[in-house]
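Engineer: This is the structure, below, for whatever I ask next.
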Amino acid sequence: MEYPMAPFLTLILLTFATDHVSEITLSVQELISNVTLRAHQANLVEFNDSAVFTCSVSNGSSLSYLWTNGSDELAPAGGRVQFSSGDAVLTITNVTRYDLGPFRCRASNNFSNGTSDRAPLNISYGPSDPTMVTSRTAYVTGSNVNLSCMAESKPTATLQWFFNDRDLGFSDPDFQLQHANVNQTGYYKCLFHNTVTGRFSSNQTMIRILDPISSVAVSLVGAPAILDGPETPVIAGPPSALIGQQVTFNCSASSQPPSQYSWYHDGSLVARAWQYEAGPLTTDMSGRYICMAFNNVTGRNTSANITLTVYAPVTMAMVNTSGVLPKLSQNFSLTCDTLGSVESVLWMKNGSVIQATDRIMLSSAILTFSPVLLSDNGYYECQAYNPVSNLTSGRYALHVACDGLLSPSNFHLKFNGWSVMGNASMGNPSGLELGPLIVNRSGVCTCEAYNSVTHQSSSAEKMLKVVDHITHVQIKDPKTSAIEGLWFALRCNATGTVDHVYWMKNGEMFFPGNSSNLSVYNTTLTFNPVSEEDVGNYQCTAANAVNNMTSPTYGLQVSFGPHTPVLTGSLVAETGEDVVFNCSAVSYPLNHYNWYLNESLLATGSVFATGPLTLNMSGEYTCEAVNQVTKKNSTASASLRVVEAIKYVAIKQDSLPIQSHNFTLSCEVAGPYHSIYWTKDGFRIYSYNASANHSSHAMKNHSYTSEDMKNHSYTSEDMKNHSYTSEDMKNHSYMSYHMINDSLHFSPVTTDYEGIYRCVAENVVRPHSSPAYQLLGSTVSVLFTCSADSRPASQYQWYINMVPVVVGAGPQLTISTRQPNVLNYTCKAYNNVTQISMSQMKTLIINEAGRPSVSPGVLLVMALSALGLGMYI
């Protein structure tokens, strides 16, 4: 006969001598056999689903359980790992890709143990951490450009390539542009889609295709450049980016000549160029980036800065209760546990955004009910954000527990009016499990409670709505371009049951403005009209009570313009010159440009060069900017005046400059001009006629250089009214020039005038300067002495190159001359009594080194009374 095994056997021992009774409890345990581990569902989605395992035995009693994931022992951790049913059930909420297992359970009692077989999980995740790889971001036309994309995903994500948000119809991870041209410059994006998780992820980079520089030429167009700048630089670049991405900063500053640029990050030099590319980014690369523009001619520098924040992507968002149960009328909190750089957290209940009230408080990642009520029951989700990524948690079902019923009740459950479960007591309340659910299983669940003591009854109803899981969300446009001033709409298409749709622009919640509105269910975003302010990256999120999903980014680019063009170029020029006009107008897409002269089409393109000008090329030049998408145009005009060119300017001298002799420089100009002025050593010479009451020296015609004027600050009134004393003249040593009929006269020339002289002829275009005339260098002073034996003493006359010298009336002549030079000097001796004269000539040569040499003299015997004539130096 077999007897049922009892878990406990109590032995009562009676001791008659003492009448003592002793009790011993004996535990009888059954040996463990056939330990089995079952996963309720093996195919799960990261962050969305929970893994539930049940460990069971065929035989065994008084069991305890130990769980392992691989070689690691499992224990409750932050509310995500939970045990129930005496530790026989393991629940891991919001699984991650690291929960793959394999899992095992070990059942044991005091006498035996057993371990289950391995139970792995198949967890689908991603796509995450998309990466685009390219050797560089700028290429010469004709190059082959190789791009490749990768992302972490299970199963492997599908891939689509886009160029400026246009689908290229290519799905391989490696993409090549062969013989690239400039029209292929733009943003290349790879978009990953995991069809199991329903998630999207993308990465993009700017690829520039540039024509090679074939030649460089420097030419002066119009008047000489005005050296100026740099103005405060303008920096273009993103304020935030994800770890691993590359960012490009561009710096520009108005400057003549163009500036040199340097980039600094937190005080350290990182680049010497107008463009700086940083990446792959790390969090250490956050901070302030300074662009300094330096003009090496003006010696000035200016700077501007931009702050970059590098974020880690949000890779986890999970609602956590820290193991606390929500009890009616007590405080209760939900916490959004996250991984990554999170700046803000958005809470939702049943797909709708939660707003803070006096009872419901939102503090960072914590949602607090003070207190929690039955009306708070529902499905809660948290969405973690930073400016460049976001992630939504799985659903958390909040059921507020009611404690302290005064008397036991019996319960009866009905679904859509049909009884589905019999009575149950308060100690073992009824529960209803439906599944697997389909959409047409929606209905009303009714719970009827009856108190057998009070003979009162009550009931409550709960509406069960079965919804399709949202598996695909995408923004669709009307297949036409968005053109400023016209109607445009975006529609959020989703697969599954959608209760609510909300929109984001550039990573932030979007709320309609004056020219935009949303349809009744927020599925359509309409711009009426659309404008360039609406340009941005849009996303829509579709939500229901079960899950939500966000669409890939839709880049809305609005075609607009052109605005009024800016036209630059010289407005007056000389015949034979080239004038270059530049035309630019703000517009998208880029404009087509036409050039007209007096309404006749000349050329196309944003730059127009006239070629060598002739007088008949004067007129009104018009630039027309045409946007071929918006079908609009805008014009700007400039009137060009062409004048006859000044072909050359030259300085001529009428004689040699001799110390203390009068000397004149003349300015010869070929071509029309309206004025001439002279400069000495780079400073302009200003004429002044002294009045009669000046000293004898000051009564000469005086000219002052601009340097004199700068140092002594004389006004024209000062010069007219002031009487100069000899002391004034000694202190200021003003030079004596005067200008008549474009000639500069020195009366006389002295060593004080040495310097570099130019004459400048001006027309309406610009001043034209002559080559430099050098009135400077070493002065050679030569003393000639002439002697003749004569009684009475002779009178002497001197000649230079057979021209009488007025100041030479004695036996000696001092000559100061410039090198190099060749002059013939003649001395003539004359006896008034004998009427005899004799002469002798010497040639004075001043070489390049400034050394004089004199040719041998010739003695002429004219009469007996003339004993001899000699000239020497």
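Quick reminder: no glycine exception, Cβ is built from N, Cα and C everywhere.
A TrEMBL annotation is a machine prediction, not a hand-curated record.
Taken from TrEMBL, the feature signal peptide covers 1-17. The domain 'Ig-like' feature in TrEMBL is assigned to 33-122, 130-201, 230-307, 313-393, 468-559, 562-641, 644-781, 784-839.
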Engineer: So how many of the residues in the domain 'Ig-like' (468-559) end up helix, strand or coil by DSSP?
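Structural biologist: Across the domain 'Ig-like' (468-559), the residues distribute as 3 helix, 46 strand, 43 coil.
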Engineer: Give the mean pLDDT for the domain 'Ig-like' (230-307) on the 0 to 100 scale.
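Structural biologist: So the average pLDDT across the domain 'Ig-like' (230-307) works out to 88.
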Engineer: Could you name the stretch, out of 130-201, 313-393, 468-559, with the greatest number of CB pairs under 8 A to the domain 'Ig-like' (33-122)?
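Structural biologist: Out of the listed stretches, 313-393 contacts the domain 'Ig-like' (33-122) most.
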Engineer: Give me the stretch from 130-201, 230-307, 468-559, 562-641 with the greatest number of Cβ pairs under 8 Å to the domain 'Ig-like' (313-393).
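Structural biologist: So the stretch in question is 468-559.
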Engineer: Over the span of the domain 'Ig-like' (562-641), count residues by DSSP class, listing helix, strand and coil in order.
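Structural biologist: Residue counts for the domain 'Ig-like' (562-641) by secondary structure: 3 helix, 45 strand, 32 coil.
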Engineer: In the domain 'Ig-like' (784-839), how many residues does DSSP put in helix, strand and coil?
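Structural biologist: Going through the domain 'Ig-like' (784-839) residue by residue, I get 0 helix, 36 strand, 20 coil.
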Engineer: Mind pulling out the one from 230-307, 468-559, 562-641 with the most Cβ pairs under 8 angstroms to the domain 'Ig-like' (130-201)?
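Structural biologist: Checked against 230-307, 468-559, 562-641; highest Cβ contact count belongs to 468-559.
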Engineer: For the domain 'Ig-like' (33-122), DSSP counts of helix, strand and coil?
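Structural biologist: Going through the domain 'Ig-like' (33-122) residue by residue, I get 0 helix, 46 strand, 44 coil.
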Engineer: Tell me the residue counts in helix, strand and coil for the domain 'Ig-like' (313-393), as DSSP assigns them.
Structural biologist: 3 helix, 43 strand, 35 coil
